[in-house]
Amino acid sequence: MKLDLATAIVAAGDDGVAKAAKCLQDGGLVAFPTETVYGLGCDAANAGAIARLYQAKGRPSFNPLIAHVADLAAAERIGRFDGDALKLAAAFWPGPLTLVVPKAENCPVADLATAGLDTVAIRVPAHPVAQAILRGFGGAVVAPSANRSGHVSPTTAAHVHADLDGRIELIVDGGPVSVGVESTIVACFDQPVLLRPGGLPREKIEAVLGRALAMPVASDPARPLAPGMLASHYAPRTKVRLEATGVEPGEALLAFGAAALPGVDATTVVMNLSAQGDLAEAAANLFGYLRALDARGAAGIAVMPVPRHGLGEAINDRLRRAALPRG
Ligand code: TXA
Ligand code: MG
């Protein structure tokens, strides 16, 4: 299949939203902002478009996609929500939470997008541009993060362009995103299970449920791991070294907080996720700074410790993946 498409970039005004909705109706691939990261969307009911989407990303097709809809009423046409799922939807939608639930009868999402599972991942994004596109289009939109498979997720339209120019029809530029890490994924079957830490901190979810979230059990087929949690998923090319308490010669530094590290001098490239030690600011900066440091061609990227509570759980999860050996 040809991939030398002319990729248009439009601003996220009324005109951009209308173009995006039309493009989705025509089976096109549209990158658009959500509050977590930019998504690459297509019509969830159009298997041909979904096949092109997997190809544009270079993504293994066994990795299922999240269906995005404008509200809970639309979500209930796709999946079956038990009491816990309804509680979480009421508390956190629209927002950075994805719920994995059993498919509804006559679920319109094509099997190719759910990788043959009898469950479906559903998200109601809060970003006004995403909301406007979903309402303008009318149906469900499946959307993985708008990066080439294995790259870090895009938090600006420029990141999307760098990865997908010539491979998709349209990029809607809504400026930098606010959250900066992907949605938290919770499976709601008998017992809610945290499949992926993300932009909604675990503590907030547990407060609404009134109990702790279970962790996935890899060997239990009734509680599948998010199949997309491939080990090398969030990978800069430059070697990443975690929990750094000093900087080696030639290394760049991804800092957090105000502490000064031994080994840093005037030649060291330093980017600080949050000098104030603010985890929300750090999450918003994470992927962009990883991309920027990766482009510097340093001998390595040393990363200072980041606290593990709240959004720190998702930040540490993405950093751990970024530091894994490639393969
Ligand atoms: O914030 C986000 O969630 C972004 C924006 C664009 O919405 N999307 C995103 O999609 O991160 P993606 O494709 O990069 O990650 C989706 C994750 C994958 O790990 C996939 O395996 C998992 O969701 N997933 C999808 N359907 C699933 C299902 N039925 N059961 C378990 N995991 C599922
Ligand atoms: Mg992704």
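For all residues, glycine too, the Cβ spot is worked out from N, Cα and C.
As written in TrEMBL, here are the features:
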- 14-200: domain 'YrdC-like' (DOMAIN)
- THR36, HIS68, ARG123, ALA143, SER183: L-threonine binding site (BINDING)
- ARG59, ASN63, THR119, SER145, SER153, ARG196, TYR234: ATP binding site (BINDING)
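Packing around ASN63 (ATP binding site) is summarised by its Cβ count: 17 other Cβ atoms lie within 10 angstroms of its Cβ, all protein chains included. Reported as a whole number, the C-alpha separation between ARG123 (L-threonine binding site) and ASN63 (ATP binding site) equals 17 Å.
Cβ proximity to the L-threonine site centre (mean Cβ of THR36, HIS68, ARG123, ALA143, SER183, cutoff 8 Å) flags the following additional same-chain residues: THR34, GLY39, ILE66, PRO96, THR98, PRO125, ALA130, GLU182. Residues from the binding-site residues list (THR36, ARG59, HIS68, ARG123, ALA143, SER145) with a C-beta closer than 6 Å to any atom of ligand 2: SER145. Rounded to a whole value, the Cα-Cα separation of SER183 (L-threonine binding site) and SER153 (ATP binding site) is 12 Å. Between the binding-site residues HIS68, ARG196, HIS68 has the most other Cβ atoms inside 10 Å of its own Cβ, all protein chains included. Reduced to three states, the DSSP call for ASN63 (ATP binding site) is coil.
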